[in-house]
Every structure is written in structure tokens, then in C-alpha cells.
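Student: Reproduced below are the annotations present in Swiss-Prot:
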- 1-26: signal peptide (SIGNAL)
- Cys68-Cys355: disulfide bond (DISULFID)
- Cys78-Cys83: disulfide bond (DISULFID)
- Asn110: N-linked glycosylation site (CARBOHYD)
- Cys114-Cys296: disulfide bond (DISULFID)
- Asn129: N-linked glycosylation site (CARBOHYD)
- Arg147, Thr149, Trp160, Ser223, His226, Lys255: FAD binding site (BINDING)
- Asn286: N-linked glycosylation site (CARBOHYD)
- Cys358-Cys361: disulfide bond (DISULFID)
- Cys358: active site, nucleophile (ACT_SITE)
- Cys361: active site (ACT_SITE)
- Asn421: N-linked glycosylation site (CARBOHYD)
Amino acid sequence: MIGITKLISIWNAIWNFLLLPEIIISQTDTSSTGIYQMQSKVRSLVPVLTERSDYFSYYRVNLYRSSCPLWENDNAMCSNQGCAVKSLNEIEIPKVWKKLSDFEPHSKKNDTKCNWKYNPDLDYCYLDNSTSPDEYVYVSLVQNPERFTGYAGDHSAAIWRSIYEQNCFVVDDDDNPSEQPKSNALFRPNQIPLNLFTENHDDTSLSPSVACLEKRMFNRIISGFHASISTHVCQNYYDVEEQRWTQNLDWWRAKVGSFPDRIENIFFNYALLHQALVQIATQMKNITSDSSFTFCPTDKDVDWRTHTAFEQLVYHAYQDRHVINREQFFADEEAKRFKDSFRKHFRDISRIMDCVGCDKCRLWGKVQITGYGTALKLLLEPETQLSDLRPEEVVALVNTFDRISHSVEATFWFSLKAKTNDTLDAIKALIYKTYRSPSKEILAFFIDQTWYLFYALFFICNVPRVI
């Protein structure tokens, strides 16, 4: 007879097989399970802002800037209908955004009528500071969702290659970006970039000047940003043959799912943005009623509803406030020496977004890079206050958090489906190896019919970890 110990071992083996593997996220104090649980707490709060609030569901952006820092003549524009962005006319612009235009950082009225202030020295991205309203467009982020557009090929690859090459750091006090010639990338020709999507996490093979904590964080943010976008595209994929929007599991596995480091970096980016919201919550707790933070709308009722929804989001995030220890970054003198270089290179990525040939991709690229830049400003610049952020930065931060939240949720569902497919493929391979025709074909057919049964089994076993 089988002993109790043997039965327990068998049960543990079966149980471990049914569970999705837990990922310990380096440079954080959490895991994939912790991220799933944090996500479940704010899942219903984020859409209140990003879909129903005029303040957070709209965005003002210089979308059609003519200059591109990568190449002089850029005619590789996406002609697909899915690449187009629907902008707002003057009548459609929400009142809250019309009012915000009166409180630009360059406006003297900002000092007395609104508590928004602006310090460009702390920026981790280029913000649109033009005083000409003709250079901006207002867009509804709800009406222009991030999804598959068909924009791909050599031009898209060149954009990503240029972004990856920004992880070349040089500690040079005389390094002036304005004096660097405009070439095919915003880096010096003799700088050799690292491969952000390397499958080897062992930094011991790198020189000490390269294998520092901050450079790895830079790499992970860009890697997670790319993996998150790929996940959104796979989650909202247009099947040309069937003429419908669907999910593309095979493409997700090829782009993201087959690379554990990319999945981990999605979770890392969630942790980074979550910690930025915690930082905001910490500051809001210290704001007195006499100098309360407002969103500067014309309608006090709208202001109250927006403030309440935003406050609920950041305070729920505050419940899990020890996710990333921001004091670990730029802690020693060597790291502090290239902090300006770190900021400059991340800022250059926001300029690369002007070269994207797809309008909708450019829009969401600008929004999300601004969101990550805002998170870095809050976490890496201790003097940054909530009142130092521009409205576009706060909106970008919340919408980027919404995007990474969708990526985390989609990663869970894609992983369940991938595990179901792998299990059935393994069973069918065993059948084909054990039985002969026609028995093996018949058995394999019946196994295919159990897909939803296995999927439900994996779901039941794993869903308590994400609730």
C-alpha cells in the first residue's frame, strides 16, 4: 500500500502542477501573487477615473510634432485606419481641460488660482511646453483605445531599437545633449548598447560599471513597457480573416509568454507605478484642508467627484505601501554620479515617440512614457511634491497604471490558457505514442473537447491567489 507520506507527495506534485508558477520580482519586496492581490483591490477603482472622469479620460498632447531626433526624412507613416486618432474639436473639449489651459506653468495666474507648479529640472520626459494652442490636440483616451493597429515592420523595429539603445550610460559632467549631432540614435556611436530582452539575468558577467542596480532598473522599465504594449495588442487583436476583434494567444506566447524575464518586468513596472501612487497618497495625507489639492475645474461638484475617486485609488494603493524601497536607488556616490545621465536618457525616449509612424501608437507611447517618467520623478527625486506635477503628468500616471493593470490581468488569463494548451498537448502526445490509429485520433479528439474542463480546473485552483 502507498504510505501517507507518498500520498502527500503525490498530492503536492499535482497541486503544484495545477498552480501557475509564482514569480519573485527582484528589486521589489513582492511577488506575482502579491501583484495580483494588489491589482484586485484597485481593479474597480481605476476605470472610475480613466473611463468616467473628464479629467483623466482626456489628454492634451502635441501629437504631430514635425521634428524627429532619429532621422531627417520620415515618410513611414501608417496608412491603416486603425492607426488614426480621433481628436476633439473646440466644442467637444471638456470644460475641465479648457480651464486647465489657463493655468499653464508659464502663466502668472498659476501662482494664485491653482496649486499646480512646475520644475522642468526634475523631468524624466520631455513635456509639451509650447505656448501656442495650435500645436496641441485634445483626445479622448476612451475613444482611442490602445490595441492592434497593424503598425509593424522595419520602421517599428527601428523605433524599438533606438529606445533600447538608450541604456548606454556615460558619466560625463560635460555631456551636453544639445551639443550632440542628430544621427540615427540619441547615443554616441562608440557606446555599445545592452540587450534589454536578454534571457540571462546574471549580471555577474558584466563589468561593475554596467551591472549596477539603477541601470538594470532602467532596462527593466523599458522591457516591461514593451512587453506590456505587446500584451495589449495581443489582448485586443484584429483577426483579418474572421473580421473581428479577438485575443491572440500564439502571438502573446511568441512576444511575451515564452520569456519569463519579460513577464517579470511587467510585474516590476506595476510595482513601480504602484509605489508612485503610494508616494502621492503619503503626500495627500499631509495636505491640510486650507491648502487642499484640487484639479482646478470650473465645477466644484466635478472637482469633488474627481478628487474623491483619485483619493480612493491612491489610498487603496497605500494599503500595500512597502513594495519598492526607493532609497535603494542612487544610494552610493558612484550611482549618484550618473543620475543626471539616467534622467537624460529616459527623457530622450520621450522624444523618440515623435518618430513613431502610427498616430495611435504615438499617442499611447507618449502617454505611457510620461507616466513612467512621472513615477520616476516621484520616487527618485525626494523634493518632488504633488503640486510640482503638471496635469498631463498626473493623467499620464493614472492611465499608465491602468495600462499596466490590464497587462497584469491579461498575463494571468493568457497564462491559464497557455497552461491548458500545454497540458492537452502533453496528453495527446502520450496518446499518439501509446495507441495506434484510429484509436489515437479518436482519443485525441475527445481530449480536445475537454479544453474548457481543464481551463476551469486551472482557474479554480489559481483564482484565490488573485482575489
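Using the three backbone atoms N, Cα and C, a Cβ is placed for every residue, glycine included.
Keep in mind the model is a prediction, meaning the values are calculated, not measured.
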Student: Of all the recorded positions given, namely Cys78, Asn286, Asn421, which is spatially nearest to Lys255 (FAD binding site) at the Cα level?
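Tutor: For Lys255 (FAD binding site), the closest Cα among Cys78, Asn286, Asn421 is found at Asn421.
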Student: I need to check the long-range neighbours of the signal peptide (1-26): which residues 6 or more away from its ends have a CB within less than 8 Å of a CB in the stretch?
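Tutor: Here the qualifying positions are 32-33, 35, 201, 260, 263-264, 267-268, 271, 412, 415-416, 419, 457-458, 461-462, 465.
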Student: Are any of Trp160, Ser223, His226 (the binding-site residues) within 10 Å of Cys83 (disulfide bond) when you go C-alpha to C-alpha, and if so which?
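Tutor: Candidates kept after distance check: none.
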Student: Among all the protein chains here, how many other CB atoms are within 10 A of the CB of Arg147 (FAD binding site)?
Tutor: 16
Student: Of these disulfide-bonded residues, Cys78, Cys358, which scores lowest on Cβ atoms within 10 Å?
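Tutor: Fewest other Cβ atoms within 10 Å, among the disulfide-bonded residues Cys78, Cys358, is found for Cys78.
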Student: Quick one: largest C-alpha distance among Arg147, Thr149, Trp160, Ser223, His226, Lys255, binding FAD per the record, in angstrom?
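Tutor: Across Arg147, Thr149, Trp160, Ser223, His226, Lys255, the widest Cα separation comes out at 21 Å.
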Student: How long is the line from the C-alpha of Cys68 (disulfide bond) to the C-alpha of Trp160 (FAD binding site), rounded to the nearest angstrom?
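Tutor: Checking the Cα atoms of Cys68 (disulfide bond) and Trp160 (FAD binding site) gives a distance of 14 Å.
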Student: Which ones in the same chain are close to Thr149 (FAD binding site), with CB under 8 Å and 6+ residues apart in sequence?
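Tutor: Same-chain residues close to Thr149 (FAD binding site) (Cβ under 8 Å, separated by 6 or more) are Cys78, Asn80, Gly82, Cys83, Cys358, Lys360, Cys361.
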Student: Which recorded positions are spatial neighbours of Arg147 (FAD binding site) here, meaning Cα within 10 Å, out of Asn286, Cys355, Asn421?
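Tutor: None, since no candidate lies within 10 Å.
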Student: Counting every protein chain present, what is the number of Cβ atoms, excluding its own, within 10 Å of the Cβ of Trp160 (FAD binding site)?
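Tutor: There are 15 of them.
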Student: DSSP on Arg147 (FAD binding site), three-state: which is it?
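Tutor: SS state of Arg147 (FAD binding site) = coil.
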